Amino acid sequence: MMRRPPSQGRWSASHQKLLLAFAFILIPWLQLADAQQQPQQPQIRIHSQRGDAPLDKVADDANTRWYATHAAPDVHPEAKFDTVNRKQKQQSTASPQQHQKYRRAPYDYASKDKAQNRYAQHPIRESEKPNYVKVPNDASALATLAPAQPVRAPHTSRHHWPSSSAASGLASPQNARSLEDWEVEDFVLLATVDGDLYASDRKTGRHLWHLEVDQPVVETKHYRTNNSVLDDDYRPVDHYIWAVEPSRDGGLYVWIPDSGAGLVRTGFTMKHLVEELAPYAGDEPPVVYTGDKKTTMVTLDAATGRVLKWFGSSGSQVNEAESCLRPNAFDDRDTTECSSMGTITLGRTEYTVGIQRRDGRPIATLKYAEWGPNTFDSDLYQQYHASLDNHYITSQHDGRIYAFDKSQAENDLPLYTHKFSSPVARVFDVCRPWDANAGSNPELVVLPQPPIPALDESTVKMRSNSIFLNQTESGDWYALSGRAYPLILDAPVAQISRDDLWDMAHAFDSINPNKLSKALVGTHFLNPVKSTGYHQPPTLPAGALDEYYEDLENASNNAHAVTNTVPEEPTIITKVKALPQSAANSVIDFVSNPILIIFLIGSLIYNEKKLRRSYHRFRTHGTIKDVYPFFVIESEAGDESGDDKDGVFPSSPSPRSQPQDQNAEDHLSRHKVERNAGDQDKVKDNRSLHDVSDTLEPSNKTVEKTADVVKQVDVAGPDAPSTDSNGAAPEKKKKAHRGRRGGVKHRKGRPTDGSQSHENDPALTTVDEAVSNAKKLGDRPSLEPDVMTIYNDMQAVTGSVISMGNIEVDTDVELGMGSNGTVVFAGRFDGRDVAVKRMTIQFYDIATRETKLLRESDDHPNVIRYYSQVQRGDFLYIALERCAASLADVIEKPYAFGELAKAGQKDLPGVLYQITNGISHLHSLRIVHRDLKPQNILVNLDKDGRPRLLVSDFGLCKKLEDRQSSFGATTGRAAGTSGWRAPELLLDDDGQNPAAIDSSTHSGSHTILVGDPNSLSNGGRATRAIDIFSLGLVFFYVLTNGSHPFDCGDRYMREVNIRKGNYNLDPLDALGDFAYEAKDLIASMLQASPKARPDSREVMAHPFFWSPKKRLAFLCDVSDSLEKEVRDPPSPALVELERHAPEVIKGDFLKVLTRDFVESLGKQRKYTGNKLLDLLRALRNKRNHYEDMSDSLKRSVGSLPDGYLAYWTVKFPMLLLTCWNVVYNLEWEKTDRFREYYEPAGL
């Protein structure tokens, strides 16, 4: 690398000899003059000051032995390693005046000029290939990566700098060195976001060398397995977007969806998180931060960028011998002189921050690797507040850099500009000591260049509030702040920062991830009200103001005011001169625009037929007038039929039914009309499509669209299973889309295109006849009984709305997403709002089964209503009842669905009863849902403001045939969603024998022995009971606001806990009076044995759903019935009742009741405190004599029926269920008195 222009090159050989003789005479006089100016000052090696301890000799010997065994084989043995004996010298004290004389001595400047001439003879060749360096994990890796040199020389000893301090020999250089002793080199180092390092000429921007690294500066990995709020494990923190600023310790930013805050500056850096914060575990939300730090150091040859040394925690590598270059290898081949501009020592620090939830699920992994100076030079770095020569280089958001010379205040034009593949993250000024010897190889100092200072306070504020967010090619997010990168103020504003984006999509979950990424790229503006503080998202602790931002502000305010944007041309003359070049650039950009090229090519392909016909017309007729009718009719009909062929025929799942030469036949059929007499029937069957095209004018498009719809139905129909004459479905041995389809004759050709004209067909003379024929097409019976035939006109696609007869689909409004490419859009059907479920054609069988089951079951208020189905192109569209939200939406985001959430909280038993009622309706039709979860339960509000729950998503439903009570699991893997499936499905899914599982595995009081041979019914086959198990999970989810009984500390252990039967119902205790009934019901529904679970009607009859009035009436009826039993000896009914007394009363119930209530009891009859019969009698008597109680006692026991019932159930929570089970055990549930208590509550 050259430090001065090539014109100052080496002299000739004769001149060199004269100079050598002159120097030989002059040197003694220079030494004498120097001795007269100041006392002799011993030179001290800088490296010895860095810690030359007595162990250095041992270290050098060890390095010699290591290098001898690990050096590259092509290195000469004498050049492998050269151990230099270090002798520590003492430094004499010098006064400040002497120091000034030494620093400004004429010898320094003369030696500097000599150094300029010396380096000028070795310009860096542009053809030199960039070095690719992969930062190794071990020391031996560097030997294979270091570039080979054609000329090698022995290792030179370390060079030292003269001391600039008057301190003693033990003084630290950090306390002695001054930045005034240094000058900037003629090149700068540029570190880009992709991790590479460039060296460029400081004044011209010419590229000198390039060091490639395989690791980018920023890596952000987000773990988003749940992409929708409909997922059961959705948490807002999972959707935070983290970004790292690639400058000054890695400032951390986070974009928080649905918070209104947008992009937030956390006030933390990667360095701070790793070194001071991590490990950190928070509680709200439960998030854990961990971090680690890895440092490496490399020494580069300043002239070539080659790696000389590498030091890391795993080892080190020294390849200095390979960097030696002879100054003139062609002329002085025998010389051993090495030429070098010096060496550069750079540190690379890698920070890794792991962010996980406390349940072990990862949220994000952030990595930041920054180039930085040697920490030993921190004393100079702390003094470096402004560029030494007032030259500044800064980068735009697109990777273009600008260089400014601020030594002249009136000149605001950039010196040069250069474009890099990625933005420049950091700029490093390279400095060398003023007093470096001419022949020395000094260690250059790298200092990060301060940012360009702001022009005024308003500019400082704009910088502080502006953040540019972007992604690398690998999808990692990084941020560029206006403080560190002033030119990002000219970057485009991010779409998401505008209000109009959120007008289209209010919820973060409704935005497509790709669209969200595009919307986030651009400039974001921090809240100006909060810009003075640094905000921590809910996952981070509140901390002090980060030094990162303070330093940037100080760097901006302490320097001279300069402009912060790329300046415009100062005069109109310069603008006029630039017009020709600007116009040429615009034309070149326009012509080379890939979008324009793609558009032109697409237009040519799309209009190929029209262009051919036009060319043929002009060749044949010469004018357009002669052939105008033929041209218009043929093009219109041909275009629509062409669209139909492309949109419908490829969607057919039966490639066997379409010959390879089909397109050729269709093409020929549009130009050749040759038919035999025996084909007249086929012509009549298809004639309407051709006749309509042949007779209608271009303005009459409705008939063409009608024919298009009929054609679509004819094509879609054969894909469904066929039915025989009696309507019975034959047994399917293969899927419907294999082989011959639905009884349709296996024709080699397809129906001819609608744009044909037929000479043998009778022409339609009027439009009315054409319309009449088109209408008659709809009278033909559809071959697919599960697809509704639509007779209305097929509308064209206008914008994002697709009209298909009665169905309109707005593809811009996405309501939800499912598996296998299923998307739910907003739409309309016959004027009412509907949800349109779009499925790919590959899942035709699933859609057909779903619609058949929907038709059978939608006549119920708690089952989703089905409207219609239509096929278009490669998709099937199913119109369903549209709901406001799913149950998961309401539970997880009550703030977004406040009205629904409030309505549901008022009557939780009613909500759960409706869900059970819908499942009971399906079970009554012998339909098993198999995928019951909160996401598949939808919520709407009735006109009276009450919530209405609907069971939806019948894609995995299974209908049991007559006399069938069970079925096997799905081949390959059991149906359902992970975490919401019954244990018998999991066991069948694993292919395990339940009896082979360890039956001794248990945990807590809720353990179910999986090894019980009765745990599975029908030899491991599933029944309706799998829906009851999932329903129990839904019950717990609703009553606990989103919890899962099988989490047991870790969500990822759900299915393991389901297999083992480990669940926890303690969170239900928060329900108060209803807690015991809720626990009993859910525990019965979560039984491992399907036979032990109640059916849907038994669930609906459980006392949990009873009103307080019904509960109190039941207890009084039980007391009345038992009072009639014989007491001496006690009847079996009394024995059964009193058997449960100890666990219900737990002692003496009279001691539990209040004193005034017990005193009021004594007026009627005597009571025994340990008798359950007496407790029921007391409850019944005071209920019947409630009006006889005093006002104070009424206030004590509460009002009827709610307060009075709670007075007893709070003290005796097991009372109601115990009596309910006693009556059942006595078989009284069939009597007239108790029958209503064992039938569905009918809420």
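If you go along the chain as it appears here, the first residue is 1 and each next one adds 1.
Every residue, even glycine, has its Cβ placed from backbone N, Cα and C.
Look at Swiss-Prot and you will find 1-35 tagged as signal peptide, backed by sequence analysis.
The topological domain 'Lumenal' annotation in Swiss-Prot covers 36-585. The average pLDDT for the topological domain 'Lumenal' (36-585) in the predicted structure is 65.
The compositional bias 'Basic and acidic residues' annotation in Swiss-Prot covers 73-85 (among others).
Same-chain residues lying 6+ beyond the ends of the transmembrane segment (586-606) with a Cβ under 8 Å from its Cβ atoms: none. If you look up Swiss-Prot, you'll see 586-606 marked as transmembrane segment.
Residues annotated as topological domain 'Cytoplasmic' in Swiss-Prot: 607-1243.
Summarising the annotation, Swiss-Prot assigns compositional bias 'Basic and acidic residues' to 674-693 (among others).
Under the heading compositional bias 'Basic residues', Swiss-Prot lists 732-749.
Annotation source Swiss-Prot lists domain 'Protein kinase' at 809-1105, citing sequence analysis.
In the three-state DSSP scheme, Asp931 (active site, proton acceptor) is classed as coil. The active site, proton acceptor annotation in Swiss-Prot covers Asp931 and is backed by sequence analysis.
According to Swiss-Prot, the feature domain 'KEN' maps to 1108-1240, an assignment based on sequence analysis.
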Other CB atoms within 10 A, centred on Asp931 (active site, proton acceptor): 20
DSSP-derived helix, strand and coil totals, residue by residue, for the domain 'KEN' (1108-1240): 85 helix, 2 strand, 46 coil
